[in-house]
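A quick write-up on the structure given underneath.
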Amino acid sequence: MASRRRMLLKVIILGDSGVGKTSLMNQYVNRKFSNQYKATIGADFLTKEVQFEDRQFTLQIWDTAGQERFQSLGVAFYRGADCCVLVYDVNVMKSFDNLNNWREEFLIQASPSDPENFPFVVLGNKIDVDSGNSRVVSEKKAKAWCASKGNIPYFETSAKEGFNVEAAFQCIAKNALKNEPEEEIYLPDTIDVVGRQQQRSSGCEC
Amino acid sequence: MSSDSSSTSGDEFTNPNPNSTSKSLEDQFASAALTEPDNEPPEIQESPNGVVNGSVGENNHGEIESNEREGAVGSNLEARQSARWRRTNSEVEVEAPSSPSSSGYAGERGSSSASGSSVGFEMMSGGIGGGDDVEIQEVSNVDSIQDSQASWVPGKRHVDEDDASLSWRKRKKHFFILSNSGKPIYSRYGDEHKLAGFSATLQAIISFVENGGDRVKLVRAGNHQVVFLVKGPIYLVCISCTEEPYESLRGQLELIYGQMLLILTKSVNRCFEKNPKFDMTPLLGGTDVVFSSLIHSFSWNPATFLHAYTCLPLAYATRQAAGAILQDVADSGVLFAILMCKHKVISLVGAQKASLHPDDMLLLANFVMSSESFRTSESFSPICLPRYNPMAFLYAYVHYLDVDTYLMLLTTSSDAFYHLKDCRIRIEMVLLRSNVLSEVQRSMLDGGMHVEDLPTDPLPRSGTLSPHLGQPRDSLESFREPFVGIGGPAGLWHFMYRSIFLDQYVSSEFSPPINSPRKQKRLYRAYQNLYASMHDKGIGPHKTQFRRDENYVLLCWATQDFELYAAFDPLADKAVAIKTCNRVCQWVKDVENEIFLLGASPFSW
């Protein structure tokens with residue numbers, strides 16, 4: 001019964017501006033890539049259906065703007081996220097250095113119940129650029145950082161060539177499944193006849 | 001009505017002297033006529049555009065009407081048989097009474113199988129109003145002729161759509177429920193999961209404004225209104241191009257929220273506090289029909305904006321007999337005992353000092369009537385009455401006594417099933433013995449007040465001569481004034497009378513020319529506008545209102561005891577219309593014993 005239920009996952013994509021968050025989304029959802037840079041304003045919302053281990057997932061992807069002036073949207077946007085994807089550009093050291101800030105900012109604003117085990121995924125994007133010759137962040141360095149933050153899964157991707165994008169999002173679904181909370185029995189109170197006296201006086205205005 | 005004061009004056013509090021009130025209405029209009037220009041203010045006139053749009057969408061209404069009729073005739077036998085058969089099995093079913101952990105609803109999500117059928121004309125008349133629309137409307141008119149024959153199909157429509165579908169975008173009225181993390185909970189049209197992106201956008205808008213310490217209530221975009229309602233972690237949104245007033249749409253969102261609470265209680269808030277990721281949809285599994293039926297009722301059931309309930313017309317003694325046996329069980333630990341026929345109350349009784357809000361009755365009746373499973377067996381289900389106590393469950397024993405008549409016994413005790421079953425058996429026996437059920441059937445066939453039967457100047461009030469609803473209609477000396485061809489005297493087409501103290505309203509039966517479902521829906525929309533403008537906090541509240549447009553003359557008269565809404569032929573004479581309203585009030589007074597539930601303790605305080 002519960003296993004047949006479709007799951008909706010809220011996925012937040014974070015990272016510096018220009019690292020290719022929107023391109024990754026477009027490649028993943030629409031299988032399209034454009035060389036033109038178009039800054040995201042606020043956030044874009046995309047939906048993608050995913051199958052994982054005979055379960056249906058709907059990814060509700062929040063593609064946020066990387067610019068600092070949109071940071072104030074954080075609390076509202078991050079609430080109730082199931083997974084956070086941190087993206088950096090392997091050719092820009094600063095975008096890698098900032099991963100830590102993005103991660104901490106997310107944990108502060110979203111305040112998940114179990115921050116230690118909150119599912120993140122890290123994507124090193126743009127590995128195709130200049131055939132990898134302009135690369136400044138090594139895979140080893142990136143993996144070391146991920147390991148130090150509780151073994152965050154790491155993927156190297158190319159939004160342009162569609163490399164590894166699918167696998168990265170499969171991992172997101174897998175993580176969410178692993179992190180699925182125990183189904184709790186929904187058990188509201190029953191009206192207490194004794195307590196009714198109180199409720200009437202406060203609640204009933206008719 | 002003549003202003004002679006021959007009739008006896010009643011109790012000033014519960015029985016305002018009809019003659020004195022009639023005078024005051026005429027006086028009010030006399031003075032109003034001096035200041036009011038004959039043309040009504042533009043904002044209350046329906047634009048021709050709106051009328052055209054509105055008329056197409058009205059077909060929806062036809063479907064439920066015809067559904068009700070067909071249901072009453074066609075499935076009568078079969079349903080009874082199956083009910084009887086199930087009843088013998090009921091003990092078995094009850095061995096595992098539905099636990100409070102379930103939503104209390106036995107249906108399955110799959111019951112929305114009607115999704116594919118295209119009943120949604122609303123989309124056709126979509127708000128853009130370009131040249132294309134004309135063609136589409138013609139098509140949909142053809143559809144509507146066929147569809148109005150068919151039943152209103154419960155359940156969700158057009159699940160295959162999403163926000164990228166042109167058809168989805170053209171629908172006239174959307175309703176959404178979502179969580180404050182942007183996860184979809186319910187959408188009137190389309191599949192919730194496919195609308196995840198749209199849902200996220202709605203949350204982003206609401207949260208963005210909230211972040212600034214403000215609240216978004218309404219966004220107007222062209223002829224669309226986007227109405228927002230925030231209830232803790234639950235967000236409700238309506239997107240509509242029906243030109244209904246903001247207050248009406250907001251009221252509809254409140255009812256949808258109430259319906260959700262009726263199924264789940266406000267305890268869902270705790271789930272969100274514990275886990276912001278909480279996905280509520282599974283808890284509401286199978287309840288699509290409940291919401292779609294409620295939304296449908298916004299266009300045919302005036303209780304949704306009058307916040308009052310209506311009674312099935314019955315002889316006073318008959319209702320008394322029903323009330324007596326209900327009172328009897330109420331004294332044995334039942335919190336509320338309610339006997340209803342479709343959406344009309346036959347009788348109801350509350351335990352000492354417990355009071356039931358008309359909105360709760362509306363939501364409860366909608367829940368029971370829209371859920372097919374209640375019809376086929378006796379049921380025991382946790383429900384919450386949001387106006388009574390939104391935090392906790394009550395338990396409802398529900399049993400259909402015939403195809404349209406059902407008994408609801410509400411209790412606070414989760415193990416009272418067998419006791420309530422015994423109560424029901426007792427009640428059913430008494431109702432059968434005292435012919436209440438056959439009287440109910442007869443009343444259903446006879447209908448209630450018909451404008452054609454509006455008596456002329458009041459007769460001396462000796463009960464026997466005043467027209468009685470229970471009598472066959474042809475025995476009445478119904479008086480028709482020569483100048484009208486159709487409808488009642490003075491071009492009276494329809495009226496609704498709402499008693500403030502009783503929390504009840506009575507509505508006349510639909511007569512020509514308001515005889516098509518689409519015209520009925522249009523009239524309800526007009527009443528709804530009237531209601532909203534009468535209760536407008538900015539410019540109101542008003543005592544009287546007189547509007548004339550190409551469809552009707554609408555007259556509203558509000559006193560501290562009642563509100564009267566009346567629709568006349570658009571060419572009706574104002575002075576005569578006002579007199580006719582006085583006569584309607586007199587008539588309602590004369591037959592109040594039969595059309596209202598009087599002295600019902602739950603409401604009297």
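Positions of Cβ are set from backbone N, Cα and C atoms, glycine also.
As recorded in TrEMBL, the features of this protein are as follows:
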- B:1-133: region 'Disordered' (REGION)
- B:10-23: compositional bias 'Polar residues' (COMPBIAS)
- B:46-59: compositional bias 'Low complexity' (COMPBIAS)
- B:60-71: compositional bias 'Basic and acidic residues' (COMPBIAS)
- B:95-125: compositional bias 'Low complexity' (COMPBIAS)
- B:173-294: domain 'FUZ/MON1/HPS1 first Longin' (DOMAIN)
- B:333-426: domain 'FUZ/MON1/HPS1 second Longin' (DOMAIN)
- B:491-591: domain 'FUZ/MON1/HPS1 third Longin' (DOMAIN)
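Taking H, G and I as helix, E and B as strand and the rest as coil, DSSP gives the domain 'FUZ/MON1/HPS1 first Longin' (B:173-294) the counts 53 helix, 31 strand, 38 coil. On the 0 to 100 pLDDT scale, the domain 'FUZ/MON1/HPS1 first Longin' (B:173-294) averages 93 in this prediction. In the domain 'FUZ/MON1/HPS1 second Longin' (B:333-426), helix, strand and coil residues by DSSP number 27 helix, 34 strand, 33 coil. For the domain 'FUZ/MON1/HPS1 third Longin' (B:491-591), the DSSP counts in helix, strand and coil order read 36 helix, 30 strand, 35 coil.
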